[in-house]
Amino acid sequence: MKKEEYDVVVIGSGAAGGGVARKCNSAGLRVAVVERDGWGGVCPLRGCEPKKIFADTAHAVTRVRSMQKQGIVGDTRIDWDTLWNYKHTSTEPISDAVRDSLEKAGIAVIAGDARFDDNGDVEVPGYGVLQARNVVIGVGASPKIPDIPGNDLLLTSDDFLNLKTMPDSLIFIGGGFISFEFASVAAAVGAKATILNRSDRVLRGFDPDLAGRLVKAMESHGVSVLLNHSIDEVEKSKSGVSIVTSGENGKESFSASMAVVAVGRTPNIESLQLDKVGVEKSSEGIKVNGRLQSTNPRIYAAGDCVEPGLALTPVAALQADTIAANIIDDAGEESDLRGTGSTVFTDPPLMAVGLLEEEARERGESFTVYSGDAAKWSEHKRIGMDYAEYKVLVEKQTGTILGAHYLGQHAEEVANIFGLAIRYGLTRKELLAHPWAYPSFGYALRYMLS
């Protein structure tokens, strides 16, 4: 078996792995990237990018329907076949483009399933052995499948994104952002969508009051959100599938054409043979320190496959910068995720950045809560958005922002503004003093902080 020597071997070509590879290559290091699946990773191929194509289309149709009283006439609907083809033609070229881009930059690109051997090198069956001073693992994660009878009847998020025909009805198992986003899309297309969640709280990591308000908004769009339903088994039925649950009302059964499971993701690390190089792991991923080093200091890890971590593309990209600096310059940098926002791309969208109210209280912070109904703002009234709310936590002594939570139009951009404020210590007074464009959702920060 042939052997090749590199300064850095990267396993995975997503935001984490690809980012490290490019920076190390630009610094003059000899780099190889090994990819077993599509080049570019989950986000552009079967994650945030194709999902956002669906979500933006659904949002546009919902806005048209909600603005009929303003003079928009005629029926508007989504032709799923056309939308799916647009999504496919947008994402299909990405893998080859990423691979070609890496190769043109002078990075060795190797297709295969990498694993560590007894010597601590990276073995790619069918290709050879790669020796390197440093190895970076950025292999991402895959949809988690619950261990219940009939789980082979369940679709995953990957399957949903590849549905060439939208079924009449869908059940989404799990109360996280994937279920909410896909149910919002399905309902906008015209399908009957139901979300089944095992507890009484959905969208953990987001403010529970605003999440509850989003549930009301989803229900107004025809989505059923059912809480306290533990999934026991999946069965075939005349309509397609039946989901058998247990809960407050005992055993119940819910039927639909298809069921999509979205109960979390599992890191793609089992085939790496990490034990051969002394890398510790858990069910959540590879254990890393602040510098993104594993328990073997020459091996780094980043992105959706690490613990602790946040499964977000900007986090993976930021971690890639940290790892590259530590490999190139031995900088001793630690990953700084302050101000990282999360957004659920529903209608309306929901965002969270910084501390939740419950987290701030647990930490003993002294703070003021600015909260209210944002549906009465003209920004929401003129687009017919009836459900909108906000909550901002401001530290009493310094006036800095501890956390910001918002349900409403352009939530992702509001998250970016508050994230910037949290990361760089901007105060409530400084945000209020800024001359925001008007009318805009940037200007609406004044309402949220008054």
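Along the chain as shown, the residues are counted starting at 1.
Glycine is no exception: its Cβ is also placed from the backbone N, Cα and C atoms.
Here is what TrEMBL records for this protein:
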type     : residues                                                               : note
BINDING  : Lys52, Asp304                                                          : FAD binding site
BINDING  : Gly174, Gly175, Gly176, Phe177, Ile178, Ser179, Phe180, Glu181, Gly264 : NAD(+) binding site
DISULFID : Cys43-Cys48                                                            : disulfide bond
DOMAIN   : 6-320                                                                  : domain 'FAD/NAD(P)-binding'
DOMAIN   : 342-444                                                                : domain 'Pyridine nucleotide-disulphide oxidoreductase dimerisation'
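Known features from TrEMBL, placed on the structure.
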| residue | record | Cβ within 10 Å |
| --- | --- | --- |
| Cys43 | disulfide bond | 22 |
| Cys48 | disulfide bond | 18 |
| Lys52 | FAD binding site | 16 |
| Gly174 | NAD(+) binding site | 21 |
| Gly176 | NAD(+) binding site | 20 |
| Ile178 | NAD(+) binding site | 23 |
| Phe180 | NAD(+) binding site | 28 |
| Gly264 | NAD(+) binding site | 14 |
| Asp304 | FAD binding site | 29 |
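The distance from the Cα of Ile178 (NAD(+) binding site) to the Cα of Cys43 (disulfide bond) comes to 13 Å. The recorded positions shown are Cys43, Lys52, Asp304; of these, the one with its CA atom nearest the CA of Phe180 (NAD(+) binding site) is Lys52.
A distance of 18 Å separates the Cα atom of Gly174 (NAD(+) binding site) from that of Cys48 (disulfide bond). Largest CA to CA distance in the NAD(+) binding set (Gly174, Gly175, Gly176, Phe177, Ile178, Ser179, Phe180, Glu181, Gly264): 14 Å, whole number. Cα spacing between Gly176 (NAD(+) binding site) and Lys52 (FAD binding site): 16 Å, rounded to the nearest whole number.
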